[in-house]
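Participant: Attaching a single structure in structure tokens format; questions to follow.
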Amino acid sequence: MTDLLQQLVNGLTLGSLYALIAVGYTVVYGIVQLINFAHGEVFMIGAFGALATWTLLFQGTTALWVLPIMILGAVVASVTVAVVMERIAYRPLRGAPRLAPLITAIGISVALQEAVRLFYPGAKSKIPFPQIDVVTGPALSFAGVTVQRAAVFTVGALLMSAALLWWFVNHTRTGHGMQAVSEDKDTARLMGVNVDRIIVIAFALGAFLAAIAGVAQGLLNANVDFRMGFLAGLKAFTAAVLGGIGNIQGAVVGGLVLGVAEALAVGFIPGQFGGSAWKDVWAFALLIIVLVFRPQGILGARVVDRA
Amino acid sequence: MTAVDETIRTDRPDDGPVLEATGVTMRFGGLTAVNNVGMTVRPGEILGLIGPNGAGKTTFFNCLTGMYKPTEGRVRLLGNDLPPKPRAVVMAGMARTFQNIRLFGNMTALENVMVGRYCRTSSMALTSILRGPKFRREERETRARAQELLEFVGLGKSSEHLARNMPYGDQRRLEIARALATEPKLLLLDEPTAGMNPRETQQASDLIFRIRDSGLAVVVIEHDMRFIFNLCDRVLCLVNGQVLVEGTPGEVQSDPRVIEAYIGGAADDEEGDA
């Protein structure tokens, strides 16, 4: 029982991380039907943004009050990269065949990784991520279940971000604009909605959550490296598809389901196929199973009914 | 009527034409779909655009709304050339509905209308996150006006219904409310009564009259002759991409060429002109 709870806690932590990144895939897909494969790198840039903020301003400090400023640094870095990426790489390709922006996305992904590797000091190997009071440090323990402090931060960050995002989409004019554009871009344009701005906002929103995920990942692993976005991005994409691409709640559910499934596979599949070596195999096997039996994802893709 | 006066601006810059199309020609390759058509819409009038299938009505309509850029000729809205971007056209004061209903199905009726209003409010994305007092006031006004517009078209009780679940006639009226939310000076209706029963058609007529009375100019494309002749101040009949007749409903209705175009000899004429 304790084992099960322990794996659930691990799974929810990992899943929250996936969910935070997955939202970025799904929001952008919902608006422009583009899989932004460079989104994993936006997450990585967020982690490095937080690290750079700390290194430049607070080197040696571990006080909790630096965390919000690190998050701000992460958000600024990620959002800037995402918005610039949209402007110079995706907008010129709007209306091009869908393969073109997809290949561009892969190109940007590689370019961003290389840029960080070459230009961030010491990024050729893993860089230690600052440890902050309260959110890192000795693990908490509840009835034999160990909970990392950073895990509490990660899950809390997901809950807050998801609530904020839900409110934003349903209760602000920009959110309504996003819904309108995701249903019918041309009609939205003819009703005076600034579609280009809505698309930029979608990229920025996704980058915002990815930046928070980047900080969370840094705190959890205590280090960052320029490749961290690749697998995390792929997993988050899996989570988005699992939940139903284009559907924001789906991304959250998909992320949590994927994280828990992975953790349970690590903990309970016996023998040779268990343990962490096989966890990625099980994660992608789950994706294949869902795609075969429920291609629209757990909650269903947001497909517009045209009556 | 009071609701309307509050909802739709009645001020006009001058008494010049709301919309003026001169010498509009649209060619697709070798095909001339619209040939040298001129049209003037004056403030506060309802103008009907009729013509048999393939007469170029929809193409002409698309030139008027800026969906197509005419090969020759110009379109002026309130004295200015039509801006190139659809959004700018909306901002300049033209709104339209669609032949095939194009609502945001997964949003409520109220939200659909609110989306139409957003181009007239000024809050940016950032202020909506920060939720300043200006934002809250604008948001409240947007909601209140959207509700007024729904009541104006007779959907006051359906504001929380999802657009895709609404009856067909209501969807048509909702589209009109959404178009009115952009505060147009000119409303273009593309077959507003398609698929409607006689009672709904009558309601649509009444609604269009009330829109006109609130100070807007209206252009209607329609197949339903009786509807057009009862509704419009002037009627323009297009045949083979050219203006066949323009005049009052009485004049157009009794013009032998119109009758011929619709009932007899149309096929022969088309071959002869092509």
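In case you wondered, yes, glycine gets a Cβ from its N, Cα and C as well.
All annotation found in TrEMBL is predicted automatically rather than curated by experts.
Feature list, courtesy of TrEMBL:
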type     : residues  : note
TRANSMEM : A:12-35   : transmembrane segment
TRANSMEM : A:42-59   : transmembrane segment
TRANSMEM : A:65-87   : transmembrane segment
TRANSMEM : A:99-120  : transmembrane segment
TRANSMEM : A:150-169 : transmembrane segment
TRANSMEM : A:198-220 : transmembrane segment
TRANSMEM : A:226-245 : transmembrane segment
TRANSMEM : A:252-269 : transmembrane segment
TRANSMEM : A:281-304 : transmembrane segment
Participant: Where among A:42-59, A:99-120, A:150-169 do we find the most Cβ pairs under 8 Å to the transmembrane segment (A:65-87)?
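Facilitator: Against the transmembrane segment (A:65-87), the leading stretch is A:42-59.
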Participant: Which sequence positions outside the transmembrane segment (A:281-304), separated from its termini by at least 6 residues, show Cβ-Cβ distances below 8 Å to it?
Facilitator: 30, 182-184, 235, 238, 241-247, 249-250, 253-254, 257-258, 261-262, 265, 269, 273
Participant: Apart from its near flanks, which chain residues at least 6 from the ends of the transmembrane segment (A:99-120) lie with a Cβ under 8 angstroms of it?
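Facilitator: Here the qualifying positions are 34-38, 40-42, 44-45, 48, 52, 81, 85, 89-90, 93, 127, 226-227, 229-230, 233.
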Participant: Six or more residues out from either end of the transmembrane segment (A:42-59), which same-chain residues have a Cβ under 8 Å from its Cβ atoms?
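Facilitator: Distal contacts: 21, 24, 66, 69-78, 81-82, 85, 112-113, 116, 120, 123, 127, 129-130, 206-207, 210-215, 217-218, 224, 226-229, 232-233, 236.
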Participant: For the transmembrane segment (A:226-245), find every same-chain residue at least 6 residues outside the stretch whose CB is under 8 Å from a CB in it, and list them.
Facilitator: 15, 17-26, 29-30, 35, 37, 39-45, 47-48, 109, 112-113, 116-117, 120, 123, 213, 217, 251-255, 257-259, 280, 283-284, 286-287, 290-291, 296-302
